[in-house]
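Participant: Please read through the structure below; I'll follow up with questions.
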């Protein structure tokens, strides 16, 4: 197990392109202005705020000489075109979620979340000290970008339902707003997945055009007001045991940066990566209380749904892996860490949390 | 709930001393050389490595102009004098654990770990988005230092025992190497706490001078070889549900830094804070496997020990708080977040982990 860190991994991704694009700048502290397009609106302050923290940190530590201007989704390009805009140099970098691009290649899912993947701390460990970031950046090189972890939402919720789900049978024919691989797995269980932008979820759920919808977790979901039109709030969000956000940087643009600016960017991204998680962990607790006070009914997914989803997820990974060597290689590497990681997790972390949860409920 | 981040909090800690020590340096990128003394030996690569990552990051992003040289415990001052050396300007900063200084004031415990405190993610959330870092830095100001979070070990183990512990009665008269408040709580349950440096634990346990010892977790404990002289390895480490390490920076020295260097230091510390946790989360899983293969018997602390320890901890906090307003204020603030935080934790995170743990053991 070799130690790897952000800078090494980012450096590896840069090496090849450095030969293509020689640093054009001789000065060591030139004025550099970049644009970073986000896939998210400013109203998602936890996520968008991490992008802003990255940009502000870079500016502060370079005395304002390296400026990265953040743009919300739609200001330069629509949210889901952030990666393309970075690849084709419309912008130098973006803040996005890798799994938005599974249409290009399912391997993109592994940079953010796959059903029954790692939890948040494991994801960061696999990225930084396992081979996660190195393998993913080998893959992203095909798209001309280098990825730096750019925050995490923590474990998500499993969505809002207008009717209770008591078994797999209740999922049949249900129209649910859900994206990515979670949707593919649910489709195997009879759900009809729908793709809707954040702002369109509330009216669709209100009118009954859809029966269920997933978004993020209490803090973000409360803002969308989904509790007003769907009573049952399910957990856990088994398709997003964590969701890693990502900074994608055009690899030639990164190679053109003075070395110190590159280090500033990598270090600032790491700070943003940690800060977003802390933000969610602080804001979700009061939000779940508000939701419950407003009448939300919390429900745990029935065991048969969890088991069936787990089985179908494994089958899906087999099918994808048989056709896609990149997916197979990176998924298998993640899985090889996940087993021992959970074996350890259940000892100190899980039993501590278990006791604290019980102690709290006893008062 | 106001948003707070490292920089704001560090800035707050600096404001007062800035009036005392005017920046002596007119240039914006002067050569600055600092020394950072660690409370740890280089052999603790996870912890010491985070200090090195901080220093390396600062050097890289300032083009080598701001150099921080790391020193292992004992090279400049002994490990437990790191804070004093920072306060009296022998060094500009140190990498240490706040709870080593509970002899000065029990409030120091709250910067690292108290029995039945927050888990790791909650600690970071409380530091950064709650009032944790702000309140602690108001306290640390008395010692002329500003604290930046400097890594976390994650949830620790509950120590090595030569005999099985089946109930509180088995703790009576047991000589155990354990430091800080965990030791104070165990003393109330009949344990005789012993203070021993890391290197002295193995021979004491081998000779039977002590009956039990706690250190950190699988990765660090394996290196000490404790499994060779004590068979039973208990969990969870209820006195360290997480243990935050800390960078303490002399506040006048911090105020003298050019603004960009201060930002570099804060950002690099945040990166190190995250990286240490990822390092432990990657290295502990194979270590626990090795220990079990070598014959270690894993044991969960009996319920009556956990319950008695929880009760005695609460009583201890009452007693300390009655005499110490700093402790009371900061502990109460932490506790006010802990309740809602665990109420939320048990929903998405805990049930996800629960399913994944069961799925793994079913194969």
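Just so it is clear, glycine is given a Cβ too, placed from its N, Cα and C backbone atoms.
The signal peptide annotation in TrEMBL covers B:1-26. Taken from TrEMBL, the feature substrate binding site applies to B:156, B:177, B:214, B:240. Annotated Na(+) binding site per TrEMBL: B:215, in sequence order.
Quick one: where do these features end up spatially?
Facilitator: Taking the Cβ of residue B:240 (substrate binding site) as reference, residues of its chain lying under 8 Å away and at least six apart in sequence are, in sequence order, B:113, B:153, B:155, B:156, B:182. DSSP assigns residue B:240 (substrate binding site) to coil in the three-state reduction, outside any helix or strand.
If you draw a 10 Å sphere around the CB of residue B:215 (Na(+) binding site), it holds 20 other CB atoms from the protein chains shown.
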Participant: Mind pulling out which binding-site residues among B:177, B:214, B:215, B:240 sit under 8 Å from chain A, Cβ to Cβ?
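Facilitator: Listed in sequence order, the binding-site residues near chain A come to none.
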Participant: Rank the binding-site residues B:156, B:214 by how many other Cβ atoms lie within 10 Å of each Cβ and give me the one with the fewest.
Facilitator: B:214
Participant: Restricting to the record's substrate-binding residues (B:156, B:177, B:214, B:240), give me the longest CA-CA distance in Å as a whole number.
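Facilitator: Result: 15 Å between the two most distant Cα atoms.
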Participant: With every protein chain in view, how many other Cβ atoms are within 10 Å of the Cβ of residue B:177 (substrate binding site)?
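Facilitator: Here the count is 25.
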Participant: Around the substrate site formed by B:156, B:177, B:214, B:240, which additional residues qualify by having Cβ within 8 Å of the site's Cβ center?
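Facilitator: In sequence order, the nearby non-listed residues are B:157, B:158, B:159, B:178, B:179, B:182, B:215, B:216, B:237, B:239.
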Participant: If you measure residue B:177 (substrate binding site) to residue B:215 (Na(+) binding site) at Cα, how many Å is it?
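Facilitator: Between the alpha carbons of residue B:177 (substrate binding site) and residue B:215 (Na(+) binding site) there are 8 Å.
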